[in-house]
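Undergrad: Just dropping this structure here.
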């Protein structure tokens, strides 16, 4: 194997090392360890509007206590909202089960974090970056790509790829004892039956007990909504309206939001009251191994439902088909950490220009429990849905007449004749059996 000089396998002593600092056990122990071993750690914390984070301002202070040369809090929420809306506009969601999608909320968060934190590091002349991603996951590749896109001179140092760090602090217990031994009164939190990663757009629950498919969604405690499967949790039906202007969500229940962050937070509150957007997915990681996750995304789900309702009422069939096909392709690129690659930008621009621009209107829904909802009304000045065209009643100025339909059907004789000839060829070659007892018995009936 050729040596990758971009990835440093040993601690760069005496050099500035940026670390994506969450304030949790792993990054706290890593920061202190790097400091004691002679590196110059700089801490960067992304404010992504995580629903399970109470006090962002306390995180950089904690980093300084653990020995950071400097610690910065980077507000990434506006950019995250922007990318979330772009994903909605493009339908960039390729993982789904039974029609319920995973809204790629973690990949969107990584695209924002990976670019904005490395950009902040460049301002501080920090060109070595570390984060908490493991070698078996997706994030190690996502951060690698986004980091190098932002700073081509970037070097990567991850304590979790450094054998010395692993030998000395290989587990949560060792990390906790290390902090205590160095004078920090660190109380290790009780481990959950799964791990959680979240941002303003959604939450991911995975690993540990959730690696076993006989552990279902019921072991998860939602952080963005309610446990809708629990009959003891009261969930009342609720009507909600969502308004789009040129593909951008701008209003909820008639109230306009100039700040997309506030819009998302309110959408999360509305959808969360019902457990909307929760899903259980088996997916293929970038390395092709399968993993399983339980996901929450109440606001993304609400916007997606309303947006697609308008798309189907405004655009023609071929446009909708291309929107869906391109959305699947773009969703996979986003998942792989290629959200800013040229092939992804091409697909994004196509959807945002030719699909989203026409999506203006308002959709009213009734939300119930989980992903159970009904669409109550759809309004748009751009609707091509015109029921009078297909009315079963006698109408003046009809779009077409019975005679027109006869002509249209007669034209179909051309391809019907061609199709019948093809079926005969397949029969003669043994690919298709015609006649009595076959899948197409009527075609072989010469009586």
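Cβ from N, Cα, C; glycine included.
Here the structure is a predicted model, which means the values were calculated and not measured.
Pulled from Swiss-Prot, these are the listed features:
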BINDING   20, 21, 22, 23, 24, 25, 26, 27, 28, 46, 132, 134, 139, 197  ATP binding site
BINDING   102, 138, 142, 195, 204, 206, 283  L-citrulline binding site
BINDING   134, 138, 139  L-aspartate binding site
Undergrad: Under a criterion of Cβ-Cβ distance under 8 Å and sequence separation of at least 6, what residues of the same chain contact residue 102 (L-citrulline binding site)?
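TA: When sequence neighbours closer than 6 are ignored, residue 102 (L-citrulline binding site) has 93, 95, 96, 279, 281, 283, 293, 295, 297 within Cβ distance under 8 Å.
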Undergrad: Pick out which of the binding-site residues 24, 132 has the most other Cβ atoms within 10 Å of its own Cβ.
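TA: Top count of Cβ atoms within 10 Å goes to 132.
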Undergrad: Among all chains shown, work out which of the binding-site residues 28, 134, 195 has the most CB atoms within 10 A of its CB.
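TA: Sorting the candidates by Cβ neighbours within 10 Å, the top entry is 28.
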Undergrad: What is the nearest of the binding-site residues 138, 142, 195, 204, 206 to residue 28 (ATP binding site), using the Cα of each?
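TA: So, spelling it out, the nearest of the binding-site residues is 195.
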Undergrad: Counting across all protein chains shown, how many other Cβ atoms sit within 10 Å of the Cβ of residue 138 (L-citrulline binding site)?
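TA: Step by step: centre on the Cβ of residue 138 (L-citrulline binding site), count other Cβ atoms within 10 Å, giving 20.
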Undergrad: Taking the Cα atoms as reference points, how far is residue 20 (ATP binding site) from residue 206 (L-citrulline binding site) in Å?
TA: 21
Undergrad: Specify all same-chain residues, apart from the site residues 134, 138, 139, whose Cβ lies within 8 angstroms of the center of the Cβ atoms of the L-aspartate site, ordered by sequence.
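TA: Output for this site, in sequence order: 133, 135, 136, 137, 140, 141, 142, 143.
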Undergrad: Which one is closest to residue 22 (ATP binding site) in space, judged by CA to CA distance, out of the binding-site residues 134, 142, 206?
TA: 134
Undergrad: Can you count the other CB atoms that lie within 10 A of the CB of residue 26 (ATP binding site)?
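TA: Total other Cβ atoms inside 10 Å, all chains included: 16.
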Undergrad: Where residue 24 (ATP binding site) and residue 195 (L-citrulline binding site) are concerned, what is their Cα separation in Å, rounded?
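TA: Cα of residue 24 (ATP binding site) to Cα of residue 195 (L-citrulline binding site) measures 13 Å after rounding.
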Undergrad: Would you mind reading off the Cα separation of residue 195 (L-citrulline binding site) from residue 132 (ATP binding site), to the nearest angstrom?
TA: 13
Undergrad: Going by DSSP, give the three-state secondary structure for residue 22 (ATP binding site).
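TA: SS state of residue 22 (ATP binding site) = coil.
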